[in-house]
Amino acid sequence: MQPLVILTGPTAVGKTKLSIDLAKSINGEIISADSMQVYRHMDIGTAKITPEEMEGVTHYLVDEFEPDEEFNVVKFKDCAKEAIREIYSKGKVPIIVGGTGFYIQAVLKDIDFTENDSDTPYRKELEELAQTEGAIKLHDILKQCDPVAAEAIHPNNIKRTIRAIEYFKLTGEPISKHNEEQRGNESPYQYAYFVLNNDREILYENIDLRVDKMLDAGLVKEVLWLKEQGYDRSLVSMQGLGYKEIYAYLEGECSLEETVYLLKRDTRHFAKRQLTWFKREQDVIWLSKKDYNSDASILTEMVKILTEKEIIK
C-alpha cells in the first residue's frame, strides 16, 4: 500500500506551520482538506495560507475554484485522488492537511457516494420545488426522510439536499446510513492520521485572537468586495464562517459588535463539532500541544511514528 499522512485538528490549533515543517521533513506535498480555502478571493476569512507561509512546499486545492462554483465532498475526493497520484509520480509523500473531517474520510476510506449523474424525473421535480418554494422547504423534506443527513447538509446546498432525498427515494435507505457503513471500509493507504489538539481555554483564546486579527486585516472589506462582485449570500461559499456573519452586518441586520460576538461564538461551536467528529474516527493519533514543549518536539514525535509505521523510510 502507498503512504498517506493526515494532519488535522480544530480551527486555530496551529496546523499550518506544523504541516510545512512536516512536509519539509518527509519530502511531502500538501493537499488542503479545507472546504473554504479552495475558493479564490476568500483569503482573510478562511485564514488561507499565504505563498510566503508555504515556504516553497507545493499545495493542492488552494485557490482553485471561484466562489460561485460548486465544490463538495465528491469533487474534493476526485481532485484529491488526482493530486495524490501526481505526488506519488514525483516520488513524494502526500499529506492531507485541514479541518474538514468528512473530506478526509472520503479519501482515506475511498467512500462511494453513489453519485447518479444522469437526470431523473424525480430530480427535476425536486429542482422545480426548490425554485418555486425555496431551499428551506426542500431541506424540510430531507429532515423527514434523513434527519442525520439534514444535520450535515446546509439548506443552501440544494444539489446535495436533492441527491440525499433522491437516494432515499431510489433505495429506501437514508444516504447517511450508507455513508456510515462506508466508514468501516478498509483504507487503500498505509496511513497515519494525526489530530492536533490543545486545551479548550487556549484554543478558544486563539479563536478570539484570530477573529480580531481577521477584522484588523480587512475582513469587512473582503466580504464587501465579494458582495459587490455579485457573489450572493445564498452561495455555499458565502455561508462559510466569517462570511455569513459579515454579510449580515453589511445588510444592516446587526451591529459590528454583535457580528464579532457571533463570529467568535460560531467559530468556537465549529471547533467543538470538529473535535466531536475526530473522536468518532478510527485509528487517530492524538497530539495534544500541552504534552509537548514546542512544535519541534511534536514534529519529532510525528516523524518517529511515521518511521515505525514504515510510512517513511
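Including glycine, each Cβ sits where the backbone N, Cα and C put it.
Note that the coordinates shown come from a computational prediction; the quantities given were computed from them, not determined experimentally.
As stated in Swiss-Prot, the feature region 'Interaction with substrate tRNA' covers range 34-37 out of the listed 34-37, 230-233, 278-281, 290-293.
Panel annotation: around the region 'Interaction with substrate tRNA' (34-37), residues 45-46, 48-49, 61-63, 71, 76, 98-100, 103, 237, 240-241 of the same chain, lying at least six beyond its termini, place a Cβ under 8 Å from a Cβ of the stretch. Fewest Cβ neighbours within 10 Å among the binding-site residues Gly9, Pro10, Gly14: this applies to Gly14. Separation of the C-alpha atoms of Arg123 (site 'Interaction with substrate tRNA') and Gly9 (ATP binding site): 36 Å, rounded to the nearest whole number. The DSSP secondary structure for Thr16 (ATP binding site) is helix.
The two recorded residues, Gly9 (ATP binding site) and Thr100 (site 'Interaction with substrate tRNA'), have Cα atoms 9 Å apart.
Comparing local CB density within 10 A for the recorded positions Thr16, Thr100, the maximum falls on Thr100. Of the listed recorded positions, namely Val13, Lys15, Arg123, the sparsest CB environment within 10 A is found at Arg123.
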